[in-house]
């Protein structure tokens, strides 16, 4: 194969010796198994599993029990090979590098049968000097070692003491010792995902040749001068200089929209050199800042930086630069022990509302630009402003962060360490240091990233005794923890990026953890930092179940995906809640029973004699249960923003677990694999609305709060309505006098004893009626219509099966569903099967005879296709 040379950034007339070339090695490769019995083509970027699937040697890895049947793939040692010709004499170049942006994971790299380097970290860039090895005709081999075997070998060599955990719980069908390999930790199995320890070249690979120097990293960070009230821009460019002579030239920075044109003289000496440029923006120039979604615009400015160096060598970089500040505020709170824990963006306190992001697929080459756009657009469509990139996955691809910049999604960025203790031997630490240095350089220019976090739950795992470690080794583990996350990761982060905070773990007690030597005896202290909270036994409709914490960065409940999603990876014999498939797909111990337990607290379990009908009804009820549970919990956190009760409160963040799915299985997600919205995601669109009325009971008293995430005070009125389950006619209604909710506050709007409320509504009891309420001004709805159940729905009286029909019409690219119902219907679920798209609302309480809902397709469809696929379910249909 003849590869063309891409001449980079060289002006016309420049001598060939000054040019830089980049030769892409993406595309067609060959792979073979350890014994050579399997030989096949493969695509780079990619992995072995994808290559086998594309050649139909294996079926869909997600189908039924294939995660077990295909375990042999990860246990084998695979080799990638590429033969290519170069039409240029590489000997004319001073330096030639073979660069891998990502290798998964443990491999020996050979060029023309000469070993040129080893890899052991999925998360770092590798650059190998091949100046004296490259020829006109070349063969690259990447000989991978099984990650499963490697992890076991590294664990066996660590004989001084145990580094737990050894293996995941048996229910996860996973592999052991993932903490000994710098690889996507969930690829060895997790409680929501399969074990697929991949091998492959998962990112870009190329050859770079140059004579003078090469630009390796280009970074920039806006800095606000509080004293001068001006913006500055720091631009850092990392060069590899191979010339023995001093290289001189100019760096020209241009930001036309800010009237910036600045020229700097620069000099580069031999070796790894970083050029720092400082751009001071005139105080008279108005700079529009970047704001999170819902709080303002995501204004960015086009910037170009041109390096014109000796001999006509020219490098040009273009980027969008955003201006914003971020501050993590930990300060005393009146009438409360402890400290606050919240983020200020551009000086404004922001309540983080969102979810947690996990890898969108076990096979990263299947995560397309379209899929990222769909998932992240669904984030802002649900009124979220933040995601936590969880530490057991991957540092996401560049496009992920670019989309978050564009959409205004704040990112809490974990480093990739999760639910484990880790070794601190020299080889491991050397690899981690390279990883962290690379990722900070790669990511720090993104305004969307507002904080770094050292790990997921590892402080809690150590200090709360998750792994039954021997007491005599506690100090050893503490020393290792501080060595890894504080002395190394934290040090590297703070040296490379002074523009955003770093916390050592999540959950953590923040400043208190630091004061206690980086590990707190109780990392879940509600008076400090962030917490993670899960409780599948207590009644999730009871708000007293939940912690009145400063910031809740994980919480949630499981549900099953829709039947249309499961159908693609299952067969008819699997369509039962007690089937082998249903048990196999559930990776949380007792998870399926815990869902039934929560359902039984407030709903009737399906009892149809038709097995498929009962299965579908159960799937539906798990989504109803999950949505209602997370709604109750999130609303509790939102109304806790402005209050302190018994020293607890001032909650400033709610990130539920989890946003997306890695495969088709029961999980905590609100988006199914492929992006279909669960009922929870529709609920999130309401409970994360900028203005929300929240209702709850305490000692027979109904309270309604108003929670505002607006930037300005708002005058409005509250309307409270009562319906019976047996009639579509409104029983009674009352409205308050106009009042003002202050910007960014949560305040009590309404209190009334429930017996008094019902007394004024003829024929109403707790079991026969339901309360709804909303905020409005001058007849205009300002909030979602919220509701409060006065009893468990399994005890509801007068609830009938509703005959709900839909008339579908098309308006441009949108479809209109005009609904009619014969009865009050809770949890009305509209479904169009596998047709990709989302509704404007779903899972709603229908108390009116008619309602109009819109469907936004993600791919072209038709009215007839929607009519054929349409199905509607409400709660009474499951009885």
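If you go along the chain as it appears here, the first residue is 1 and each next one adds 1.
A Cβ is built for glycine as well, from the same backbone N, Cα and C atoms used for every other residue.
According to Swiss-Prot, the protein carries these features:
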SIGNAL    1-17  signal peptide
CARBOHYD  35  N-linked glycosylation site
CARBOHYD  77  N-linked glycosylation site
DISULFID  167-176  disulfide bond
CARBOHYD  297  N-linked glycosylation site
CARBOHYD  302  N-linked glycosylation site
ACT_SITE  457  active site, proton donor
DISULFID  540-629  disulfide bond
CARBOHYD  607  N-linked glycosylation site
DISULFID  732-761  disulfide bond
DISULFID  764-769  disulfide bond
CARBOHYD  803  N-linked glycosylation site
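Features per Swiss-Prot, on structure.
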| residue | record | Cβ contacts under 8 Å, 6 or more apart |
| --- | --- | --- |
| 77 | N-linked glycosylation site | 33, 34, 143, 144, 145, 146, 149 |
| 167 | disulfide bond | 174, 175, 176, 177 |
| 457 | active site, proton donor | 418, 419, 505, 506, 507, 532 |
| 540 | disulfide bond | 557, 598, 601, 625, 628, 629, 632, 633 |
| 607 | N-linked glycosylation site | 614, 879 |
| 761 | disulfide bond | 722, 731, 732, 769 |
| 764 | disulfide bond | 722, 724, 731, 732, 758 |
| 803 | N-linked glycosylation site | 821, 822, 823 |
Pairwise Cα distance for residue 302 (N-linked glycosylation site)/residue 35 (N-linked glycosylation site) [Å, integer]: 52
Assigned conformation of residue 629 (disulfide bond) - DSSP reduced to three states: helix
DSSP three-state assignment (helix, strand or coil) for residue 607 (N-linked glycosylation site): coil
Listed in sequence order, residues with CB under 8 A of residue 297 (N-linked glycosylation site) and six or more positions away: 288, 290, 291
Fewest-neighbour residue among disulfide-bonded residues, criterion Cβ within 10 Å, set 176, 769: 176
In three-state DSSP terms, the structure that residue 761 (disulfide bond) belongs to: coil
